[in-house]
Amino acid sequence: MTLRLTNTLTRRTEPFTPLRPGKASIYCCGVTVYDLCHLGHARSYINWDVLRRYLIWSGLDVRFVQNFTDIDDKILKRASDENSSMTAVSERNIDAFHADMDSLGILRPDSMPRATQCLDGIRALIGELEAKGAAYSAEGDVYFAVMKHAGYGKLSGRDLSEQQENAGGRVADAEGARKQHPFDFALWKAAKEGEPSFPSPWGAGRPGWHIECSAMVRAELGDTIDIHLGGADLVFPHHENEIAQSEAATGQELAQVWMHNGMVNVGGQKMSKSLGNFTTIRALLESGVSPMTLRLFVLQAHYRKPLDFTAEALEAAATGWKGLNAALGLGERHGQSLEWPATPALAPVALVAPSNHPSEPLEPLQQRFIDAMDDDLNSSGALAVLFDLAKPLRALANRLERGDRADRPADELAALALRWRLLRDLAAVLGLRREADSESSGPGDDSTNQDEIQAAIDARIAAKSAKNYAEADRIRDELKAQGIELIDKPGGITEWIRR
C-alpha cells in the first residue's frame, strides 16, 4: 500500500506521488499574529506536523514552509487598542507562537516568511496579473478580476453566477463601487490615514491577505508545489483566491494536493476567536494539561473530522497518555537494570526507517502502523498500534515501579527491549515523546490514584486475556463503585473517566 491522501481539489482520496522523486514541497497557511493561538490552531499544526514527520520517516526530503501574516486589519486594531504598533503586536505574538508550538513538539518549518518581508515579490506578482488583464487598479486599490479566471470556484465548488444572483440585495459601499464584479477581491489596498503603508506603482498602501500567500509560495517553493495545507475554514475564500491569483499568473497548477483539517467544536459550534468560545494553548498547558496529552487528544480523531472539545475527552486523553508514557519511560528508567543495550537518544527529525527493525515478531505491528498512516493519515489507527506495543511494557513498568523483580528469561527481556525501541520510534513519527512525571499529569490529576487505576486496568486486561471474565467483570464493577467508568475501544485500548 502507498500513501493515499484526501485531495480537496478532486474530492477523492488518491495515491500521493511527489512531483520530484524523493522530495516533497509543502506550504502551510500560518497564523495572523494578533493574539495567542488557541486549540484550533494546535489541532491544525499537530496534524500537519504528523504529515511532515511521516513523509520524512518514509524517506522523503521534505521542504516545509509556513508563513506569518504580520500586517492585517486585526493586527492594526489590536495595536490601536493597546496604543502600540503593528510591529510590536506582531513580534510579541510571533514569539508566543514559537513557544506554544515548541511546547507541543511541533517541528519548526524550514522557512517562515513574513508578509512584510516579501513585499517585492507581492508587488511583482500583482504587476504580472495586471499586465495579463487579470487585475485592475481603481483609486489606489488593485483588484483581481474573478470573471477573467475560468477556473474560479474549482476548489470550493462555488458557482459565481449563482452567487451573483444571491447577492442582488447587497448594500453598495465605496469599495463595491470601485469593483467591476461584486466578488473581485483586493490585491493591494490604498493607504489609510494613520495606518502603516508601503510604496508601490499604484501608490502607497499594503497587500491584501490572499496575494501574500501566493507570492510566498512562489518565492519559497516555485510555481507548483506538492501539498498545500490549511484548515477547512480557509477553502473559501482564501485558498480559492490563492489558486486564482497564482494560476492566472503562471498558467500552472498551484498545488497538486490540497489538504484541509476539520474544526474543533465547543458545544456544537466551531471554536473561534470571533465567537469568543476559544481556549488558548497557553491556558490549557497552564491548567495542568501536559503537551503530550494535548497532542494525543488531537490525534485520537481523524484530521478531516470535527473534534469535540470537552473536559471528559481531555481527561480520557490524559489517562491514555499516562499509560503510554509509562511504557515509553521504561527504557530510560529501567533499561540498565534490565541489561538492555544502550540506545541513542532519538533526534527530533532523525526518524528510524522501517527497514531498521528486523525483529520478525514486531513486523506485523509496524506494518499495521504503516497501513494506518498510508490510509489518509489514520492517526487513531496508528495510536492503536502504539497502545498494543505498550501493553506488556506498561505491565513490566508497573511491576518495576512497585519494586518487584523482572523475573523473565533473557530472550524475553531482549524481545521487550526491541518492542520498546519500536514503540519509541513509532511514537516519534506521531511527535509523541516521553514526559517526566511532573509534565505528564492531566487536569486535576492525582498521580498515586491514577497509578492504582491503571494497575487495576492492567489486571483486568490480563484477566480477559486469560479468559477469566468473572475477574475482569469484578475489577470493572469495583472501579465503577469508585466512580471510575471504563471505556473499551477498538485495538484493545481501555480508557477511563470519572463520573
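Every residue gets a Cβ built from N, Cα and C, even glycine.
Marked as Zn(2+) binding site by Swiss-Prot: C29, C213, H238, E242. Residues or ranges marked as ATP binding site by Swiss-Prot on the basis of sequence analysis: K273. Taken from Swiss-Prot, the feature motif ''HIGH' region' applies to 31-41. Here Swiss-Prot flags 270-274 as motif ''KMSKS' region'.
What surrounds the Zn(2+) site, by Cβ distance within 8 Å of the Cβ centroid and not counting C29, C213, H238, E242, is the set W209, H210, E212, S214, H228, G230, L234, H239, N241 from the same chain. Note on the binding-site residues H238, E242: the fewest other CB atoms within 10 A surround the CB of H238. Under 8 Å, Cβ to Cβ, and six or more positions away along its own chain, C213 (Zn(2+) binding site) finds Y27, C29, N67, H238, E242.
Around the Cβ of K273 (ATP binding site), the same chain contributes D35, H38, each under 8 angstroms and 6 or more positions distant in sequence. Around the Cβ of C29 (Zn(2+) binding site), 22 further Cβ atoms fall within 10 Å across all displayed protein chains. Confidence in the motif ''KMSKS' region' (270-274), given as mean pLDDT, stands at 78. According to DSSP, the secondary structure content of the motif ''HIGH' region' (31-41) in residues is 3 helix, 2 strand, 6 coil.
Under DSSP, residues within the motif ''KMSKS' region' (270-274) fall into helix, strand and coil as 0 helix, 1 strand, 4 coil. Secondary structure at C213 (Zn(2+) binding site), as computed by DSSP, is helix.
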